[in-house]
Every structure is written in structure tokens, then in C-alpha cells.
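Annotated features, as they stand in TrEMBL:
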- 144-163: transmembrane segment (TRANSMEM)
- 170-188: transmembrane segment (TRANSMEM)
- 200-221: transmembrane segment (TRANSMEM)
- 233-250: transmembrane segment (TRANSMEM)
- 256-277: transmembrane segment (TRANSMEM)
- 289-311: transmembrane segment (TRANSMEM)
- 317-335: transmembrane segment (TRANSMEM)
- 485-572: domain 'Histidine kinase' (DOMAIN)
């Protein structure tokens, strides 16, 4: 042992030790310098040899045969950190002596941070250098790769979070990964700038580890869609207190960093085990994948905790070897989650576009229907105005003329004129009936006024009339077609009164799925259809049938009555509401 300012080894007090050696097992509270002296016999000094110091904690100066061959930058506070890499030297003459050679290593360390001196290897340069490269790869390069992966992935998902603030899972993952990357810098840092003491450096590292564990817990909570406000506030308070104490009292927090490390480790383990149980219960594929990734640090961190607390000896932390796999696996799960969210947004956009197109078509159709309805209503209004004018003007004049002629002395000419005027009156009534009805009026409603008038007329003429309507309720033919059907019935009934001499007439209207059949039968005198093909109003009936696209059928024989039927195809459009 020696004090901080010792520049030469002591002359007495040497104690034999077995390497690797942690001096706190011998001097638990010693902060300062310990000298290690090693001697070996070199049979031949003609060729250089390789010298490897596997592990030195914290800083060292190396002397070979009394000559300084290496010295760390800071052998007093703020101490350099030689333990991050193995030290390799190529030794040749004149430093290398044939026979006995003496190696002195001055180690500066602090009892709170496991001061130690590792194994020493002397041998052929290629073999010793290979050992140095292996140690460098596992102890330094892996830590550097781990820090780089964590920093890159944390930054990447931090950018994701900046663009998707509502998805806080990425923000908490980025926070945890970046803070852990800052903590991991401890394993590759040669200097402890900007801190003046190792205590300050170690206190901050412990606070960063605890903060990373806290962020990781909240990340898993958010990934499960959970919030624990009181627990999260407690974590925030603990982190603020830990960081404040680390910055304000580093000389106390640094040597007792194990409390924060144990607390952070418990947070990590508890969060991982609870999440694994949750993933097993929910059976979500992404959560199971994440749980599998989290099993890796659980299996390796036990070794690292034992090494950190000095329970076992070694110089390689396994978590640095497996942490990149864990980070990449977790990032893959989060990337899958992000891609799924993007796909959902894309699908939503597609669905939204389709819905907009459908809505646009529906709106266009609605506007077209409203426009058509407005035109129809305008036409109906014009018709109603025209009908009112006809009813009030022409209709009144017509009825007045008929009444005047009926009161005048009867003559054949007067009777003929009155009959013609009454036909005009009946036709006017049909026009008024079909025009003034609502657009949605069915055929049964339109036939009712006609039936009433003609039933009275048949009774006056002594003709028994029978009307049978089947299935014409809710049948809408439209004003024009309905008027043609009613005119057909009216002309057929007029022919019965004028020409048949019948005592009984039957009118049947029947609807089937594809057509409407209207039929008028009488028991009158009948006629020869071949001889009267163009007479008795038949030409007018045929014209109406042609306009309706219907089929007209006439059956009659002398003394056997007459049957006139009309079969109208149903191509009507539904009424406009």
C-alpha cells in the first residue's frame, strides 16, 4: 500500500497475492495506491515478447526493469479508467533482459469501486496480442456496439414519437433506451469529464440506471395500455430525488450507488416478470414476441449483478453481449406495431375515400332526385293551375251549356250536341281526377271516382253493374298511363250504354306479377267483329292500347254479348316521395 503521491515502490511490506486480486478483500477501506511486483525468467531475449495486463482498476503506471512503459493520464482524482481495455505491450531489448525481469504496476483505486489488478500474460507476441484483441472485443467493442445500437434505436423511436405524440409507447421506449445508452457510456469512458471526482461520475451513472429502469417500467405499462398515476408519480419523485442527491452530494451517493442499482434492478425484474405473465394471459402475438425478447436480459443479468457486487470474479459483463439482441428484438416489435398502425391508417384512408365516393354518389343521386322532384312538383303545380282554370272556366261553361240545352225543346240535333258535350264533360273529369291526385295515388284510388259516376249512370239506364278489383292497391302507373287506362274503361263503358242494349255489365281489373288486365263484359246484343273492325270506337281503343304498349283483345258475337280486355305490361317506376 502507498499514498496517492507515491512515485516509487515501497522497500518493505510486500505481501504475496494470487492474481486476479481485489485489494478490498485485504484492505476494505483503502483509497489510494497499491503496488504490484511480478518477476519472470526470460530464457532468450533475442526476440521481442508480448506483455498483457488483462485488467487494472482504476488507473495505473507500468514499469519494466525500472523503466516506465505506460502511464495513465490521471493517477489521482479525477482518475483515469484503465479497466475498460486490456493493455498490451511489445517488449524488446534493451527493456527485455535475458534472465530475470521485474514488472512493477502502480494501481490507483478507490475502495468503493472494486479496485483490482488482473492476470498478467507474457509470451509470443502473436499469441498474447490475440488474447488482447479477444479481450478488447468482448469488453470494449461490444459495449461500444451496445451503446451505438441503443442510441440509434432510441433516437429513431424518439423521432417516431415526435411525429406521433399520441403514441407515447415510442416516447417512453426512446427515453429508456437513450438514458440506458448514457449509462452504458460508463463502460467505454476513459475519462470522467466533466466531473472532478469518481464519486460524482458513479453517482450520476447510478441515477441514470435508476431512471432508465423507471422509464422501462412506464414503457411496458403503456404497451399494455395501462396507466398507474400514483405509482408513476412515485417513480418521478424518486428519480428527481436520486438525481438531485447525485449532483448535490456525490461523495455520499457515489460510494453507496448500490442502493440505486439494486432499486433499478428490482424495477427491471418486476416489470419484466409482470409483463411476461400479462402476455401469456392476453395471447397477443406482439406482446409474446416482446416477452420473449425480454427473457434474454433476465437470463444474463444475474451474472452481471453478481460480478458488479463482487460475488464472482471476472472482467466481462454478459449483458453487453446480449443487450443489442434484446434492443433489436424490442425495436422490431415496436416497428411492427408502427407498421401495423400505418397500415391501419392507410386502410382507413382507403375506406374513407371509398365512403366519400359513396357519399358523393349518394349526394349526387339525392340532388338529382331532388331536382327531378322539384321539376315534377313544378309540372304538377302547372297542371293543377291548368286544371283549376279548366274546371272553373271551361268546365263551368260546359256544364252551363249542357243544362241550357237540356232545358230547351228537344230536337235530334240538340240531343246529339248534348251527348257530345257530356262525353267532353266525362273526359274532363278523368283529366281532373288523374291530375289533381297526389303523385303517389294508386290505381284503386283513381278508379273510385270513375266507378262512382258510372255506377250511378248504369243504374239510371237500368243496367246492373259489377266491379271487381284485384291487387290494384298500391299499383302506381303514373298520371299519363293511369289516364289512358281510365279512358279505356270509360270508352268501353260508353260503348256498352250506346250500342250493346245490355242489362248487365261486369268490369274486372286484375294484377299479376308482370301485367295489369282490365276487362269489360256485357250481355248485350253483340256484333260481328269482322264487319265492324273500325267502328264503334274500336280505333280509339286500339290507339290507347298502342300508346300503353298493351295488348287489346275483343271478343263478340251477335246475340252473345261483348268482351273487351286490355293487358298492360307493368313497367311503372316507383312513386317519388
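Cβ from N, Cα, C; glycine included.
Using a Cβ-Cβ cut-off under 8 Å and counting only residues 6 or more beyond its ends in the same chain, the transmembrane segment (200-221) has close neighbours at 78, 112-113, 169, 172-173, 175-176, 179-180, 182-183, 186, 192, 227-228, 232, 235-236, 238-239, 242-243, 245-247, 249-250, 253-255, 257, 259-261, 263-265, 267-268, 270-272, 274-275. Sequence-remote contacts of a segment are chain residues at least 6 beyond its ends whose Cβ falls under 8 Å from one of its Cβ atoms, and for the transmembrane segment (233-250) they are 195, 197, 199-200, 202-204, 206-207, 210-211, 214, 217-218, 260, 263. For the domain 'Histidine kinase' (485-572), the DSSP-based tally of helix, strand and coil residues reads 27 helix, 30 strand, 31 coil.
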